[in-house]
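Worksheet for the structure shown next.
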Amino acid sequence: MTGAPSHATFPPAVILAGGLSSRMGRPKAGLVLGGRSMLTRVIERLRPQVAGIAINLNADPDPASAFGLEVVPDTIPGFVGPLAGILAAMRHTVRKSPGASHVLTVPVDTPLFPKSLAARLKTAITSGGEIAVAFSAGEMHPLFALWPVALADDLEAWIHADEKRRVRAFIARHESATVEFPLIPTAAGPLDPFFNINTPEELRQAEAWLPYLEDREP
């Protein structure tokens, strides 16, 4: 009989919460959505999918410490963007999970991501050096990806050499697999599970979607 996979076979994960939240005006991890913080929602959704969770955070560690998460700050100073958080995730994984070939990243501002995210991304990988990236409705979501930790040195060099530091541009330099996730059907219409919350208005929109999501999510 084949049992459920062990958590030892799941990838480790790092929640990306190291940005400045300039459009929101306050840290996103502590924002309340449907009575629970965004960080709480992301952890609850992520924990069954992965071997362990850390958080990339460059500010007040209190929200993370309440959950017992290890805080992984950027290793490159100056808030240079999400690639610095991805690099920190790779370096952390090499130190803490030496047997892991990849690390999963998810941003803290997208709390409705699929419950099948890690499993489907992992299934798409055919080689140790391949990046697996989530898509929905034909749109790439580059922060939802499985990253080969062996790319850490290359990524660090890219961050220092490329002025724009675009995540998509870094992915384009490497072998990658794409995984298309369906929209969530609801009574109010289809919802993109990668709907991200950058502004107070988008937070209100996410609140409006919550009543329609019960038992509808992939």
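Cβ from N, Cα, C; glycine included.
Note that the structure is a prediction, hence the values are computed from the model and not measured.
Feature list (source: Swiss-Prot):
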BINDING   Leu16, Ala17, Gly18, Lys28, Asn56, Asp74, Asp109  GTP binding site
BINDING   Asp109  Mg(2+) binding site
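Annotation for Asn56 (GTP binding site): same-chain Cβ neighbours under 8 Å, separated by at least 6 residues, are Val14, Ile15, Leu16, Ala17, Gly18, Val72, Pro73, Asp74, Gly85, Ala88, Ala89. With all protein chains in the displayed structure included, the most crowded Cβ environment within 10 Å among the binding-site residues Asp74, Asp109 is that of Asp109. Neighbour density around each Cβ, counted as other Cβ atoms within 10 Å, peaks among the binding-site residues Leu16, Ala17 at Ala17. Lys28 (GTP binding site) counts 24 other C-beta atoms within 10 Å of its own C-beta, drawing on all protein chains shown. In the shown protein chains, 26 other C-beta atoms lie within 10 A of the C-beta of Gly18 (GTP binding site).
In the three-state DSSP assignment, the secondary structure recorded for Asp109 (GTP binding site) is coil.
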